[in-house]
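Beneath this line is the structure, given in structure tokens, with notes to follow.
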């Protein structure tokens, strides 16, 4: 945004008398500036810490003659900056975000003289792919001169002026990501006005732009390039909201999984053999977490963040994250229960609640911690997107990492259970009664395999799209495996579980017996 060569306060230049004087004036100005409003936008300011104070000769009544006093003005590039354009700042602006820094003096110099902005120092150009300045090639750049810029004046004339004499020159890109404005894949002919603004028809930029050399081909088949000055503008900070076929497909697949989980929950509520066991209570709690978490994700997918309040945009993701992470730790509890069952230890449903509520507390604290955390100077939730920002790795750090940790714990208990099964089948025949839970064990781990596979696809999709700069985790493969998660629950937890199947057969037999009882009732003839 401003010159990268601006000097900062350090121990060496404090020894300099002019720096010492400016620090004293900084203390004198503190009571006056702290209570006042900032006199201009941050982008119109420069750091003047270390600049010369403006001194005036005032007559003194003493016999010593005249003495030098300060009137709180400063000299910046041979301009006198009045005190009403000077303020003490304890922050800087980086990509539209306020970043706290040490207290320093800034002056609204762009109010005294129009400012022009160059992205890089002379001899460099701004690379749009790397978002960084790079050296210009030595050839074909002789026409690039920062000192000669064509300027449109108020009378309609366009004259090449000396930029350093007509403008205050600032070096540095005003944003992290700059873009080239194109129309029909052709560059736009911007006009630089005498007030430092660039205008093309109805498009107007007074601050958020910077000039950079740009290379274009002389012709379609010509391999030579011509360098010219082109303004780059800030990429819109807000992440665009789209609601297309892919988003609708993702939301529908989430709803399909919710419906499948409701069916599983309903069946485990009815099945008397599983209803009050550790396994049955855990599966019912798991399906309830998935129902709530996926429903909230579907709502966030179909709702424009601009139509949501700031409170809802920051709090709905918290609960979605809470329920989804919690569901994976419930699977860990079930894995631990199966491992103990092969030692003849059967946990009750009361033990599940003793394990569940502390985990809820820890997960809730983690979710609220994430909601008040910033990632790359952006809040994780509640900015321009109500879920994790796909432009950074925050979802890997705060969401997928706890899920992967739960999967590791489950995998450890699974391996230990397999080892225990091998030991029991080889010689410990006295505990073979434990294998009454073997069917639940198999059906449960089939479902866990489906779940892990579906979420692994989601993680891989995010990583691939991030490196392709397709900033989304939603694609049709993810949609397919989200629905696969729900169908897998019905297949493994209902279709492969013998206790559920026996319960369904008893219901079917009872219905058949009722039908036979109705048929066997003798008919009575009434006269």
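Cβ from N, Cα, C; glycine included.
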TrEMBL annotation of transmembrane segment - which of the ranges 224-247, 248-271 it falls on:
248-271
From the ranges 395-419, 495-519, pick the one that TrEMBL records as transmembrane segment.
395-419
By a Cβ-Cβ criterion of under 8 Å, what residues six or more beyond either terminus of the transmembrane segment (473-494) are in contact with it?
246-247, 249-250, 252-254, 256-261, 263-264, 267-268, 283, 287, 294, 301, 390, 395, 443-444, 446-447, 450-451, 453-454, 457-458, 461-462, 465, 500-501
Under 8 Å, at least three CB pairs between the transmembrane segment (395-419) and the transmembrane segment (318-340) (pairs 6 or more apart)?
yes
Positions whose Cβ lies under 8 angstroms from the transmembrane segment (318-340), at least six residues beyond its ends:
278-279, 282-283, 285-286, 289-290, 292-294, 296-297, 300, 346-347, 352, 355-356, 359-360, 363-364, 366-368, 370-371, 381, 387, 398-399, 402-403, 406-407, 409-410, 413-414, 416-417, 420, 437, 440-441, 444, 448, 451
Which sequence-distant residues neighbour the transmembrane segment (440-467)? Criterion: at least 6 residues beyond either end, Cβ under 8 Å.
279, 331, 334-335, 338, 390, 393, 395-396, 400, 403, 407, 410, 414, 417, 473-475, 477-478, 481-482, 484-485, 488-489, 491-493, 496-497, 499
